[in-house]
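Let me begin by presenting the structure, written as structure tokens, before commenting on it.
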Amino acid sequence: IVGGSVTTIGQYPSMASLLFNNRQVCGGVIINNRSVLTAAHCPFGDAVSSWRFRVGSTNANSGGTVFTLSTIINHPSYNRWTLDNDISIMRAASNIGTSASVQPAGIAGSNYNLGDNQVVWATGWGATSAGGSLARFPGVNARHVQIWTVNQNTCASRYAAIGRTVTANMLCSGWLDVGGRDQCQGDSGGPLYHNRIVVAVVSRYTSWIQSNA
């Protein structure tokens with residue numbers, strides 16, 4: 001998280017740290033007593049046995065509870081080149097349970113109305129400056145940052161200028177024309193909260209999530 005501040009798992013008990021070969025590389029969010037939602041580009045092509053997730057801890061690399069996985073379900077229409085439909089469900093091999101620091105998140109439904117310029121919060125354990133490598137991740141305390149939703153047409157035109165396509169399945173956020181706040185390497189797959197509800201792209205996938213989680 002760039003431009004944010006330290007937070008705690010008590011403030012965001014649905015956060016999950018995704019571990020590849022026991023090393024934090026992505027974020028996720030608890031959605032029920034067995035599943036974590038993340039981005040498909042995180043586990044795509046990997047063996048299920050290479051992944052675990054940690055819940056209930058402010059620290060990405062210690063504390064809380066670590067779960068092995070029974071399966072990883074990537075969205076069937078995920079496109080690894082355009083990152084369209086970039087969503088995945090990691091199912092734990094055992095029940096996650098709940099506590100003050102472990103809670104499933106509420107997920108925006110298909111009728112959730114998220115306007116432009118709305119305050120949203122991104123959370124994660126990733127790099128705190130642009131260009132931070134995996135080896136330099138702070139990996140200590142969870143961080144959060146306040147950003148804002150960006151108009152879809154504005155976002156699409158900005159990305160088109162650098163040869164990237166923004167689809168209707170994507171949600172844009174940041175600090176438009178100011179910058180300095182955002183998610184970064186290692187935050188991929190983590191939640192974007194609007195009034196404590198996970199929004200990001202999930203409102204377009206609610207039925208798929210419910211069917212597979």
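Cβ atoms here come from the backbone N, Cα and C positions, even for glycine.
Owing to the predicted nature of the structure, the values given are computational and were not obtained by experimental measurement.
Among the features that Swiss-Prot reports, domain 'Peptidase S1' is placed at 1-213.
What Swiss-Prot lists as disulfide bond is Cys26-Cys42 (among others), and the listing cites sequence analysis. Sequence-distant neighbours of Cys42 (disulfide bond): residues of the same chain at least 6 apart with a C-beta under 8 Å from its C-beta are Leu18, Phe20, Val25, Cys26, Ser88, Ser188, Gly189.
Under the heading active site, charge relay system, Swiss-Prot lists His41 (among others), citing similarity to another entry as support. Around His41 (active site, charge relay system), a 10 Å sphere centred on its CB holds 18 further CB atoms from the protein chains shown. Mapped onto three states, the DSSP output places His41 (active site, charge relay system) in coil.
According to Swiss-Prot, the feature active site, charge relay system maps to Asp86 (among others), an assignment based on similarity to another entry.
Among the features that Swiss-Prot reports, disulfide bond is placed at Cys155-Cys172 (among others), with the record citing sequence analysis. All protein chains shown were included, and the count of other CB atoms within 10 Å of the CB of Cys172 (disulfide bond) stands at 19.
Taken from Swiss-Prot, the feature active site, charge relay system covers Ser188 (among others), and the record attributes it to similarity to another entry. Cβ contacts within 10 Å of Ser188 (active site, charge relay system), excluding its own Cβ and spanning all protein chains shown: 20.
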Reduce the DSSP letter at Cys155 (disulfide bond) to three states and note it down. helix
What does DSSP say about Asp86 (active site, charge relay system): helix, strand or coil? coil
Roughly how many Å separate the Cα of His41 (active site, charge relay system) from that of Cys172 (disulfide bond), to the nearest whole number? 18
Cβ-based isolation winner (fewest other Cβ atoms within 10 Å) among the disulfide-bonded residues Cys26, Cys155: Cys155
